[in-house]
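A short worksheet on the structure shown next.
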């Protein structure tokens, strides 16, 4: 078996990636999320495939087809709720994975990090288009509001929006193309994941100390396969509790009402995992400014390698920057909460303050804290 594992042209690629991969001996459970994201992607592709067998991407029948899946298809309700809540689990793992990358300075592996940012954008685009497909009230109005943001682009904005819509409003053409894109994107994401792993295996994994671990590597299997398996069990446990006991807790009740272009819901808001970005978008009164802030809220991650001022890679031994990091986490939770609130006092000012704090912490305070720590430790 060893000979096949190491010699076979196809199997040896898997061997070098998941079995004999030299891995730092001290990586913690925070390094589990890569494999958990892979599991989430597989779950989403499989459940999505079975949903696509019964779904119809037509404005007249889309809502009914989803109801039909839940009522008449064998275990259709389970497949539908696994797919909907699988997206939430996906984003929880994504945010924790990115948070780990920021905390332990993994952004210094620039190619892997940039690939991860592209993946994040791709997953967000996929989730947004998936939310439109059930053709409920929030699907329709969410699609209308978010696509309309492109009209803020000077000169070509309006033309671009109508081109994406395939008409003068969100209608049948929009739904059909969103379904097509929603179907193809996960496979593109899978390809990008392989590139992400390729870049990662060029440099090897980071570790909690941020030090070079070449002298202390162990094989991925059995040590980290068993460790990842524990993470898988915990994720599946949480996932099934969410799906079977509280399937609608993260959804919007408005989406159980069929889409009606003549009736605007009182509060249009996206799914919970977009609320932090939505809060940043809403905090700027100018339309174009809001759109730019929205894009920058994610794109700012690409600046992280260039904003790294410390002589140490991770935050493990850097209490000042650690404090800034956890304030940033709290700030993101505040933004997520505010994004789901109506646009009125005091939520407007809270959102604006939290948005300013978000960019200030990343661009100014964390780099400054890094320099202060260098001075304290005489690392200059």
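Glycine is no exception: its Cβ is also placed from the backbone N, Cα and C atoms.
Here the transmembrane segment (33-53) has long-range neighbours at 69, 79-80, 82-83, 86-87, 89-90, 93-94, 96-97, 100, 130, 182-183, 186-187, 189-190, 193, 228, 231-232, 235, 239, meaning same-chain residues at least 6 beyond its ends whose C-beta is under 8 angstroms from one of its own. The transmembrane segment annotation in Swiss-Prot covers 33-53 (among others) and rests on similarity to another entry.
Annotation source Swiss-Prot lists transmembrane segment at 77-98 (among others).
Taking Cβ-Cβ distances under 8 Å and a sequence separation of 6 or more, the neighbours of residue 83 (heme b b562 binding site) in its chain are 44, 47, 48, 51. Residues or ranges marked as heme b b562 binding site by Swiss-Prot: 83, 182.
Summarising the annotation, Swiss-Prot assigns heme b b566 binding site to 97, 196. Of all Cβ atoms in the shown protein chains, 21 besides its own fall within 10 Å of the Cβ of residue 196 (heme b b566 binding site).
Taken from Swiss-Prot, the feature transmembrane segment applies to 113-133 (among others). Residues 48, 55, 57, 62, 66, 87, 90-91, 94, 97-98, 101, 106-107, 139-140, 142-143, 146, 174-175, 178-179, 181-182, 185-186, 188-189, 192-193, 195-196, 199, 270-271, 273-274, 298-299, 301-302, 304-305 of the same chain, all 6+ positions outside the transmembrane segment (113-133), place their C-beta atoms under 8 angstroms from a C-beta of that stretch.
As annotated by Swiss-Prot, transmembrane segment applies to 178-198 (among others), with the evidence given as similarity to another entry. Same-chain residues lying 6+ beyond the ends of the transmembrane segment (178-198) with a Cβ under 8 Å from its Cβ atoms: 17, 37-38, 41, 44-45, 48, 52, 55, 57, 112, 115-116, 118-119, 122-123, 125-126, 129-130, 132-133, 143.
Positions annotated as ubiquinone binding site by Swiss-Prot, on the basis of similarity to another entry: 201. Residue density at residue 201 (ubiquinone binding site): 14 other Cβ atoms are found within 10 A of its Cβ, drawing on all protein chains shown.
Residues or ranges marked as transmembrane segment in Swiss-Prot (evidence: similarity to another entry): 226-246 (among others).
With a cut-off of 8 Å between Cβ atoms, the residues of this chain six or more beyond the transmembrane segment (288-308) that come close are 98, 102, 105, 107-108, 110, 113-114, 117, 120-121, 124, 149-150, 152-154, 276-278, 280-282, 355, 358-359, 362-363, 366-367, 370. Annotation source Swiss-Prot lists transmembrane segment at 288-308 (among others), citing similarity to another entry.
Under 8 Å from some Cβ of the transmembrane segment (320-340) lie the Cβ atoms of residues 99, 102-103, 269-270, 272, 274-280, 282, 310, 347, 350-351, 354-355, 357-358, 361-362, 365-366, 369-370, 372-373, all in the same chain and six or more residues away from its ends. Swiss-Prot lists 320-340 (among others) with the feature transmembrane segment.
Note on the transmembrane segment (347-367): residues 279-280, 282-284, 293, 296-297, 300, 303-304, 307-309, 321, 324-325, 327-328, 331-332, 334-335, 338-339, 341 of its chain, located 6 or more positions outside it, place their CB under 8 angstroms from a CB of the stretch. The annotation transmembrane segment is assigned in Swiss-Prot to 347-367 (among others) on the grounds of similarity to another entry.
Within 10 Å of the C-beta of residue 182 (heme b b562 binding site) we count 21 further C-beta atoms, all protein chains included. Within its own chain, the transmembrane segment (77-98) is flanked in space by residues 30, 33-34, 36-37, 40-41, 43-44, 47-48, 50-51, 66, 69-71, 116, 120, 123, 127, 130, 235, 238-239, 242-243, 247, 250-251, 271-273, 301, which lie at least six positions past its ends and keep a Cβ under 8 Å from the stretch. Distance between Cα atoms for residue 97 (heme b b566 binding site) and residue 201 (ubiquinone binding site): 17 Å, as a whole number.
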